[in-house]
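Data first, discussion second: the structure below is written as structure tokens.
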Amino acid sequence: MSLPSPSTSLSSPTGDIELKNATQVLEQEQPPEAVDAYQNPWHTIFDRGDMRRLGKKQEYRRVFGPLATFGFISMYLCTWEYILVSVSGGLINGGFGGLVWEYIFTAFAFGSVVITMAEMTSMAPTSGGQYHWISEFSPPRYQKYLSYAAGWTSALGWLTGNASGYFIMSTLVEALVEVYDPSWSFTNWQSTLVMIFFLITTIYFNTWGARLLPAIEVVSLVFHLAGFVITIVPLWVLAPKNSASDVFGPVVNGGGWSSAGTSFMVGTITILFSNLGPDAAVHIALGFAMMITMLFTVGSLEDAINASSPFQNSFANTGSTGVNVALTVILALLIGAANITSLATTSREVWAFARDGGTPGHRWISKVHHRQNVPFNAVLTTSFLSFILCLIQLGSTVAFNIIISLNLIAFLGTYLISIGCLLLKRFRHEPLPPARFSLGRWGLPVNLFAFFYSLITLVFSCFPVSVPVDASTANWGPAIWGGVLGIALVSYLVQGRRDYKGPVVFVAGVRKEGMGLQTA
């Protein structure tokens with residue numbers, strides 16, 4: 001079957017909407033606000049112009065100033081904090097030296113994906129993210145199916161990222177208890193209850209306490225930067241140090257793989273999880289400095305691998321119980337703040353997809369409670385689904401690794417499709433929407449590298465941490481992802497093909513004459 005040309009108009013599979021290329025007639029239909037905005041990037045009306053081009057009614061009051069916004073993107077993933085709590089897999093697959101080079105490689109390679117996402121964001125700044133870009137940039141004949149699948153997959157990625165924060169909070173609470181009683185540890189059901197407690201806490205700050213969010217982000221940003229200094233200085237001053245030859249040594253194949261190269265690529269998954277988000281573009285250097293500090297102060301590689309969490313060894317090696325507890329509390333407070341930010345982000349992704357008719361019960365989920373200025377129902381839905389993911393802890397000893405894998409598989413899948421659609425438009429020399437940030441002539445090579453890097457990394461995200469494996473140590477992430485796609489297919493057949501049109505049908509150049517702005 002041949003693809004339609006850029007100038008082709010055709011009916012949707014349901015026969016009720018005429019789809020055209022979203023950018024083919026963009027210049028003719030571009031609203032004056034948007035034109036003025038792109039000519040004057042700091043003009044106060046640029047946001048309104050973007051929303052008009054995308055065909056969206058602005059549902060929320062903008063309450064985040066520049067500093068709160070910077071705090072929001074800094075705290076969403078909090079690189080240096082997550083480096084401390086999530087590198088165990090990299091110690092097995094890479095060791096000390098492997099982690100160093102895995103970090104450097106991932107920073108540069110994933111940078112191509114980040115900068116490609118930035119370009120697409122500048123073209124279409126919307127809560128929908130990847131599924132919106134796929135809808136707008138894909139061939140018209142396939143936009144509905146591809147964007148629907150991407151919407152479900154993207155939501156899964158955000159949900160697993162949100163759930164991972166509750167897993168980590170459980171680990172930090174356990175670490176605090178072990179300071180005083182090293183023989184004590186949580187049972188699986190106790191860990192799950194701790195996760196649920198912190199989940200409920202984040203619900204409050206995203207609903208009734210939502211008015212506090214901008215202030216929380218500003219305060220969190222200050223403590224995020226101060227906490228880095230407060231954590232790193234005692235470790236360098238008080239803890240015994242490994243030698244430079246140990247830290248920058250060879251790649252260690254501790255996972256039982258056939259080669260050190262395979263072990264290295266499996267280890268990069270740990271690093272990518274810590275840098276998978278806007279935070280990677282904000283202050284990736286902080287994460288690298290913290291990782292080097294931990295590798296110098298964690299003790300032997302064997303001790304680090306056998307520890308519940310490597311950071312516990314580094315904190316304990318300061319020789320002071322008070323310092324150990326203080327640093328762990330700081331880490332817990334910052335990751336707790338990041339969880340609040342994560343739920344805010346995830347709930348708006350779910351809300352945006354529901355607004356487009358992509359979820360069961362979308363009319364209820366997409367309601368906006370203007371008094372609180374939040375998508376109240378989307379927050380509750382997101383929290384319930386995160387609760388379901390937390391239950392993985394009840395049945396697996398490697399639940400966190402499964403969550404990491406599922407998070408990466410979901411996001412990398414949407415990156416692949418959205419970048420692929422962008423590449424197709426570049427190969428066809430089709431016009432792209434105006435953007436305040438453009439890669440220009442570097443767009444094609446950067447997009448190509450980002451596409452193939454995402455593809456290779458997606459494959460390694462499906463690997464277990466080590467081999468051989470059994471049912472309790474297997475990577476069930478791909479199976480869960482397949483199950484979610486199966487549910488998505490059923491949902492599409494039941495209601496999606498009737499209610500979901502794809503966000504592109506509201507975009508300037510595509511929306512039919514007389515069609516108003518999309519609203520929740």
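Using N, Cα and C of the backbone, Cβ positions are placed for all residues, glycine too.
Just so you know, TrEMBL annotations never went through curation; they're auto-generated.
According to TrEMBL, the protein has these features:
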TRANSMEM  63-83  transmembrane segment
TRANSMEM  103-124  transmembrane segment
TRANSMEM  145-169  transmembrane segment
TRANSMEM  189-206  transmembrane segment
TRANSMEM  218-239  transmembrane segment
TRANSMEM  251-273  transmembrane segment
TRANSMEM  280-301  transmembrane segment
TRANSMEM  321-340  transmembrane segment
TRANSMEM  374-394  transmembrane segment
TRANSMEM  400-424  transmembrane segment
TRANSMEM  444-467  transmembrane segment
TRANSMEM  473-494  transmembrane segment
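In this chain, the transmembrane segment (103-124) lies apart from the transmembrane segment (374-394): fewer than three C-beta pairs between them fall below 8 angstroms, excluding pairs fewer than 6 positions apart. Residues 163, 165-167, 169-170, 173-174, 212-213, 216, 336, 339-340, 342-344, 347, 374, 379-380, 383, 386-387, 390-391, 393-394 of the same chain sit 6 or more residues outside the transmembrane segment (189-206) yet have a Cβ under 8 Å from a Cβ within it. If you count C-beta pairs under 8 angstroms between the transmembrane segment (473-494) and each of 145-169, 218-239, 251-273, 321-340, 444-467, the highest count goes to 145-169.
Counting residues 6+ beyond its ends, the transmembrane segment (145-169) has Cβ neighbours under 8 Å at 77, 82, 85-86, 128-132, 134-135, 138, 191, 194-196, 198-199, 273, 276-277, 332, 335-336, 338-339, 342-343, 345-346, 349-350, 353, 356, 358-359, 382, 385-386, 389-390, 393, 399-400, 403-404, 406-407, 410-411, 413-414, 417-418, 421, 481, 484-485, 487-488, 491-492, 496, 500, 502-504 in the same chain. Note on the transmembrane segment (218-239): residues 67-68, 70-71, 74-75, 78, 80-81, 286, 289-290, 293-294, 296-297, 314-315, 317-320, 323, 327, 330-331, 333-334, 337-338, 341 of its chain, located 6 or more positions outside it, place their CB under 8 angstroms from a CB of the stretch. Long-range Cβ contacts of the transmembrane segment (321-340) within its own chain (Cβ-Cβ under 8 Å, at least 6 residues beyond either end) map to 75-78, 81-82, 84-85, 162, 165-166, 168-169, 172-173, 175-176, 179-180, 198, 201-202, 205-206, 213, 216, 220, 223-224, 227, 230-231, 234, 238, 311-312, 315.
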